[in-house]
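**Student:** According to Swiss-Prot:
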COMPBIAS  B:11-20  compositional bias 'Low complexity'
COMPBIAS  B:23-42  compositional bias 'Basic and acidic residues'
COMPBIAS  B:63-74  compositional bias 'Basic and acidic residues'
COMPBIAS  B:95-111  compositional bias 'Basic and acidic residues'
COMPBIAS  B:141-155  compositional bias 'Basic and acidic residues'
COMPBIAS  B:163-178  compositional bias 'Basic and acidic residues'
COMPBIAS  B:185-205  compositional bias 'Basic and acidic residues'
DISULFID  B:Cys422-B:Cys437  disulfide bond
DISULFID  B:Cys600-B:Cys605  disulfide bond
DISULFID  B:Cys738-B:Cys830  disulfide bond
CARBOHYD  B:Asn410  N-linked glycosylation site
CARBOHYD  B:Asn417  N-linked glycosylation site
CARBOHYD  B:Asn428  N-linked glycosylation site
CARBOHYD  B:Asn636  N-linked glycosylation site
CARBOHYD  B:Asn691  N-linked glycosylation site
CARBOHYD  B:Asn720  N-linked glycosylation site
MOD_RES   B:Thr28  phosphothreonine
MOD_RES   B:Thr42  phosphothreonine
MOD_RES   B:Ser44  phosphoserine
MOD_RES   B:Thr47  phosphothreonine
MOD_RES   B:Ser52  phosphoserine
MOD_RES   B:Ser75  phosphoserine
MOD_RES   B:Ser77  phosphoserine
MOD_RES   B:Ser103  phosphoserine
MOD_RES   B:Ser169  phosphoserine
MOD_RES   B:Ser203  phosphoserine
MOD_RES   B:Ser263  phosphoserine
MOD_RES   B:Thr269  phosphothreonine
REGION    B:1-222  region 'Disordered'
TOPO_DOM  B:1-324  topological domain 'Cytoplasmic'
TOPO_DOM  B:347-846  topological domain 'Extracellular'
TRANSMEM  B:325-346  transmembrane segment
Amino acid sequence: APVISQISKDVVASVGDSVEFNCTVEEVGQLSVSWAKRPSESDTNSVVLSMRNILSLPDQRYNVTVTEGPKTGSAIYTFRIQNIEVSDMGPYECQVLVSATEKVTKKLSLQIKTPPVIAENTPKSTLVTEGQNLELTCHANGFPKPTISWAREHNAVMPAGGHLLAEPTLRIRSVHRMDRGGYYCIAQNGEGQPDKRLIRVEVEFRPQIAVQRPKIAQMVSHSAELECSVQGYPAPTVVWHKNGVPLQSSRHHEVANTASSSGTTTSVLRIDSVGEEDFGDYYCNATNKLGHADARLHLFQTVIPVPSLS
Amino acid sequence: MGELEEKETPPTETTAAQQEALEEPKETDKMLDKKEDAKEKTPSPQTSKPASPNAGKKSSPVAEKKIDDAELAKSKSGNGEEIIDIPAENGTKPDSADDKKISKEEREVKPKKIPIGGLKLPGFFMKNKPKADGDGAEGELLEKEKEEDKDKEANGDAATGSGKDEQKSRPGLGERLRSFFARKPSAEKEKKQLVNGDADAKSEATAEATPAEDASDAPPKRGLLNAIKLPIANMIPKKKSNDDVELGLGKAGLASMETLDDSLKDQDTVDRAPVKTNGTEELKGELKDEKLAAEEKLAAEEEEQNRPVSLLTRLRGYKCSVDDALIVFGILLFVLLLGVIGYVLTHETLTSPPLREGRYIMAVTGCGPVEGVKEDGAFAFRGIPYAKPPVDRLRWKPAELIDDINMCWNDTLQTHNSSVVCTQRLGNGTTVGDEDCLYLDVVTPHVRYNNPLPVVVLIGAESLAGPSPGILRPSARYSRSHDVIFVRPNFRLGVFGFLALDALTKEAHPPTSGNYALTDIIAVLNWIKLNIVHFGGDPQSVTLLGHRAGATLVTLLVNSQKVKGLYTRAWASSGSAILPGKPLSESGKQNEQLMATLECADIQCLREASSERLWAATPDTWLHFPVDLPQPQEANASGSRHEWLVLDGDVVFEHPSDTWKREQANDKPVLVMGATAHEAHTEKLRELHANWTREEVRAYLENSQIGALGLTDEVIEKYNASSYASLVSIISDIRSVCPLLTNARQQPSVPFYVVTQGEGPDQLATVDADVQAILGRYEPHTVEQRRFVSAMQQLFYYYVSHGTVQSFVQNRRVINVGQDAQPEEDYLPCNYWISKDIVPRYARVD
């Protein structure tokens with residue numbers, strides 16, 4: 001009976017390389033020997049690529065030759081692939097057709113190196129409320145199998161400390177408002193450039209007010225500006241009060257709210273031509289669905305005009 | 001010619017006679033009208049006469065009468081009665097002047113008669129004579145007119161003018177009388193009359209001339225002058241107003257003609273007709289002419305009036321325009337005045353706040369007003385809070401700016417002499433200061449908003465455990481003289497400023513710990529950005545000046561992402577070249593011995609410990625570091641030595657050398673590094689020997705790591721080590737100067753200087769020399785030292801103002817500051833120490 005005495009070992013190649021498979025058959029006689037390719041390991045169907053010294057599938061990249069083997073009555077069937085492509089990856093078989101229903105086969109595997117690619121189903125952003133736990137997992141394809149790590153945007157400190165987390169899953173216990181921001185999932189396997197995916201973590205938290213200048217000085221008949229820096233998500237609504245009365249934008253009072261990329265809302269109350277009755281306490285109140293915060297500012301009188309500070 | 005004329009005259013005479021006969025009745029009516037006109041006109045001459053001078057009156061009537069007599073005589077040459085009448089009239093007036101005139105007239109008459117009788121034909125005689133005489137008469141008249149014009153110009157008196165006018169009227173009358181006489185006779189008589197008229201004219205001329213001559217001869221000089229003037233005056237008005245005078249004369253003539261007509265009617269009616277006709281026509285023409293003349297005069301007057309009117313209008317217009325210009329000018333002046341007043345008021349309102357009691361001044365901050373005190377020509381505010389007190393739960397927390405009004409003060413904070421410092425360990429082992437210490441001092445020459453000045457932030461500390469601020473105290477005098485504002489902040493020290501522990505890391509968010517003092521300085525820079533404008537400062541021009549341990553902090557800050565936009569440039573003097581590179585967890589473990597000493601198991605326990613206990617629990621090895629020659633045991637212990645500063649991953653993200661590699665060279669240096677040649681000097685070392693000799697220096701070197709490495713002889717030769725100064729120089733180069741130069745070389749744009757100017761008996765450039773010179777506390781005793789102070793100040797303050805370092809050349813990296821600042825290619829001893837692997841291995845810590 002014919003015997004496949006030898007077959008090449010599994011091959012690992014890169015795109016553009018050339019590979020060669022050798023299959024040595026003894027006592028081949030007049031039997032037909034073929035090279036075939038299976039789509040995947042689990043698929044038993046195969047595509048015949050060649051029979052004896054003839055290509056079944058005409059492809060310029062394929063080449064098949066038959067040479068005499070070391071022993072009498074043996075032959076070496078060589079199958080070559082040039083300019084490897086990703087689709088060439090998969091198992092290959094050397095088949096000897098003994099009869100219509102019986103064949104002797106041996107197989108080898110062709111692996112092709114590919115750069116890492118992060119899976120498309122990775123979310124682009126996620127929303128979490130302060131105090132909750134957060135878990136983010138990142139998957140990536142590529143050969144060799146990529147390693148996954150996490151880092152924060154702008155090299156900020158990770159919630160668990162340090163700057164790099166060498167795990168596929170990012171876990172944040174009791175999310176803090178300062179954990180808000182961009183997180184990079186980084187996949188790398190040494191082939192090509194690492195793949196990065198930015199996932200934005202948005203943390204819902206109640207408003208928090210910071211007043212850089214709690215006391216504002218100005219001279220009568222000059223304009224004054226009172227400023228509140230508000231942080232909160234969703235973006236809070238800011239309202240100004242004096243003596244319990246809301247201050248709407250008018251000829252005398254002008255309120256301007258600006259949002260910055262870092263999620264801070266700055267609210268400026270501008271009082272045009274300060275009068276004696278304008279001195280006193282002002283309140284800045286910020287509200288969102290999670291709560292509210294307020295801060296007090298005081299406008300007092302000076303004998304020299306104070307220029308606008310911006 | 002004469003003959004032809006004689007032939008032509010007869011036919012005309014016949015025609016005239018016929019017309020006269022036909023028109024007799026009309027003429028009579030016209031004459032009546034004329035008489036009435038004459039009566040009406042008569043009053044005017046009477047009124048004019050009284051105004052005229054007496055001489056004029058006397059002379060003119062006499063002349064006229066004479067003329068009339070002459071005409072009568074000529075016309076009635078055949079009648080003897082008429083001749084008789086004339087002498088009778090003359091006899092009535094016995095005046096001497098009249099007599100003279102009469103005699104002259106007689107003379108004139110006689111010669112005329114004699115030639116007439118002598119000639120062959122009467123017609124020929126009469127015709128020839130009038131032509132010649134007329135020409136002469138005309139010439140004389142023209143001359144007289146000229147004279148009259150001159151007199152008019154000379155005499156401008158109104159009285160003389162009026163006199164002239166009156167005088168003129170009389171000759172006109174005479175002329176009209178002549179014309180009437182001429183018309184009355186027949187054709188031949190008419191001819192004769194024409195001739196007579198000419199003769200009359202001549203006689204008038206001669207009569208006028210003769211009186212002048214008589215006057216000149218008879219009276220004295222004065223009388224002569226007066227006489228001459230009077231006739232001239234008489235002549236002038238006559239010519240001027242001939243028409244008016246003629247009108248008057250016409251009236252008189254008519255009156256006289258009436259009497260004549262009566263006599264003629266009785267004798268010869270035919271003669272009356274032609275005379276009337278001619279007279280009426282002539283009178284009408286004359287009247288018309290007079291009217292036209294009057295109209296012309298009026299028109300001329302109107303024109304004259306118009307011209308001045310136009311001139312007046314122009315003048316008025318000009319005046320109006322002048323007035324308008326004045327008004328506009330006034331308005332402009334007013335507006336300008338308002339502008340000036342406004343500017344002055346505005347300028348006044350922008351001045352500094354007023355002084356209280358002559359030496360206290362108020363400035364405002366975002367937390368309320370502060371009151372400073374005047375000293376040395378500048379204003380000092382000492383003890384202004386810039387961050388929340390770092391006590392209780394905020395102990396070992398990054399500095400937090402005051403963002404809550406409840407943490408501000410009420411009313412005005414008096415910052416006169418407050419000088420609290422952070423709790424710290426002094427050189428003698430004692431502890432001073434408070435834990436609530438995040439305050440800063442501001443020294444400024446002006447409290448104003450215009451012309452903001454550059455800001456210099458003084459970050460001084462001899463070590464990271466104290467003393468601080470050391471010598472880096474602001475100088476009011478130099479603030480004023482160099483127009484800079486000094487800000488000197490306190491920052492936390494020792495374990496309060498730098499303790500890194502895993503337990504602290506875990507409770508923080510983001511998880512990190514350590515380097516709290518750096519966050520203090522970052523808070524200061526934020527405060528400056530928000531408030532320095534109220535003290536006359538420019539937030540866009542902030543220079544960090546660090547000294548010793550303070551310079552180490554400055555070097556780290558310059559490489560931190562946290563201070564971007566908060567400062568402009570930095571100056572690090574005598575800092576440490578050892579910068580943190582160990583992982584945070586490693587530092588945390590090393591610091592756990594503090595917890596063990598305090599018998600604390602958690603952070604709460606640490607937070608409740610008093611500052612005294614914390615200082616007592618601080619290991620002595622943390623408070624002292626080698627500053628002398630390297631010792632053999634240091635070679636093995638380098639890995640375990642304590643460092644206050646750590647890689648916290650937040651403020652200090654990486655080792656600065658990694659930052660230096662990544663960043664590109666800048667045109668303008670943001671950091672200047674420097675050292676002094678003898679900064680390792682200490683009194684303790686100096687007192688080891690009263691006099692350091694070559695042998696003593698050799699022995700000292702031999703006992704150190706240098707001796708262990710067998711380098712003693714090379715070093716002695718290289719440094720010519722034979723004095724205390726040379727020994728100190730060796731130590732300084734190994735511990736400070738050369739390690740810093742190594743760091744500077746990694747930053748191509750960073751200038752590096754070495755102070756080599758010595759002072760004192762050992763001529764040492766001590767660790768404080770450069771900063772003392774900058775702040776004006778270096779006391780020069782020699783010319784070289786004075787030059788050094790000047791050079792040092794020039795380097796620093798030029799850098800503060802302009803951002804560049806004079807004397808810095810890219811390919812000559814080192815600036816040797818002796819009595820001058822000299823750029824040099826290298827600092828030679830350093831290459832030797834680097835090649836022996838002694839630098840930067842044994843660099844000073846802190």
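The backbone N, Cα and C atoms fix where each Cβ goes, glycine too.
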**Student:** Distance check, please: Cα of B:Cys830 (disulfide bond) against Cα of B:Cys422 (disulfide bond), rounded to an integer number of angstrom.
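**Tutor:** Roughly 37 Å, rounded to the nearest whole number.
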**Student:** Between B:Cys605 (disulfide bond) and B:Asn410 (N-linked glycosylation site), find the distance joining the two CA atoms and give it rounded to the nearest Å.
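**Tutor:** Roughly 34 Å, rounded to the nearest whole number.
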**Student:** Any idea what the Cα distance is from B:Cys738 (disulfide bond) over to B:Asn410 (N-linked glycosylation site), rounded to a whole Å?
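**Tutor:** A Cα-Cα distance of 52 Å.
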**Student:** So of all those recorded positions, B:Asn410, B:Asn428, B:Cys600, which one's Cα sits nearest to B:Cys422 (disulfide bond)?
**Tutor:** B:Asn428
**Student:** Rank aside, I only need the closest one: which of the recorded positions B:Cys437, B:Asn691, B:Asn720 has its C-alpha nearest to that of B:Cys600 (disulfide bond)?
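**Tutor:** When the Cα distances are compared, B:Cys437 comes out closest.
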**Student:** Let me check the 10 A CB neighbour count of B:Asn410 (N-linked glycosylation site). How many other CB atoms are there?
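**Tutor:** Within a 10 Å radius of the Cβ of B:Asn410 (N-linked glycosylation site) lie 8 other Cβ atoms.
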**Student:** Specify the nearest of the glycosylation sites B:Asn410, B:Asn417, B:Asn428, B:Asn691, B:Asn720 to B:Cys437 (disulfide bond), where nearness means the distance between Cα atoms.
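**Tutor:** Answer for the nearest of the glycosylation sites: B:Asn417.
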**Student:** By a 10 A CB contact count over all chains shown, which of the disulfide-bonded residues listed here is most packed: B:Cys422, B:Cys738, B:Cys830?
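**Tutor:** Checking each of B:Cys422, B:Cys738, B:Cys830, the winner is B:Cys422.
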**Student:** Can you work out the mean pLDDT of the predicted model over the topological domain 'Extracellular' (B:347-846)?
**Tutor:** 90
**Student:** Could you tell me which of these disulfide-bonded residues, B:Cys437, B:Cys600, B:Cys605, has the fewest other Cβ atoms within 10 Å of its Cβ?
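**Tutor:** Counting other Cβ atoms within 10 Å of each of the disulfide-bonded residues B:Cys437, B:Cys600, B:Cys605, the minimum falls on B:Cys605.
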**Student:** Reported as an integer number of Å, what is the Cα distance between B:Asn410 (N-linked glycosylation site) and B:Asn417 (N-linked glycosylation site)?
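**Tutor:** With distance taken Cα to Cα, B:Asn417 (N-linked glycosylation site) is 19 Å from B:Asn410 (N-linked glycosylation site).
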**Student:** Quick one: of the glycosylation sites B:Asn417, B:Asn428, B:Asn720, which has its CA closest to the CA of B:Asn691 (N-linked glycosylation site)?
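**Tutor:** That would be B:Asn720, the closest of B:Asn417, B:Asn428, B:Asn720 to B:Asn691 (N-linked glycosylation site).
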**Student:** With H, G and I counted as helix, E and B as strand and the rest as coil, say where DSSP puts B:Cys422 (disulfide bond).
**Tutor:** strand
**Student:** In angstrom units, rounded to an integer, how far apart are the Cα atoms of B:Asn720 (N-linked glycosylation site) and B:Asn417 (N-linked glycosylation site)?
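**Tutor:** Distance between the two Cα atoms comes out at 50 Å.
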**Student:** Within 10 angstroms of the C-beta of B:Asn428 (N-linked glycosylation site), what count of other C-beta atoms is obtained when all protein chains are considered?
**Tutor:** 6
**Student:** Would you mind checking how many other C-beta atoms are within 10 angstroms of the C-beta on B:Asn691 (N-linked glycosylation site)?
**Tutor:** 7
**Student:** Relative to the Cβ of B:Asn417 (N-linked glycosylation site), which residues of the same chain, six or more apart in sequence, are found under 8 Å away?
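**Tutor:** Expected: B:Val373, B:Arg382.
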**Student:** For a quick check of packing: other C-beta atoms within 10 Å of the C-beta of B:Asn720 (N-linked glycosylation site), how many?
**Tutor:** 9
**Student:** When DSSP is mapped onto helix/strand/coil, what comes out for B:Cys830 (disulfide bond)?
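**Tutor:** DSSP assigns B:Cys830 (disulfide bond) to helix.
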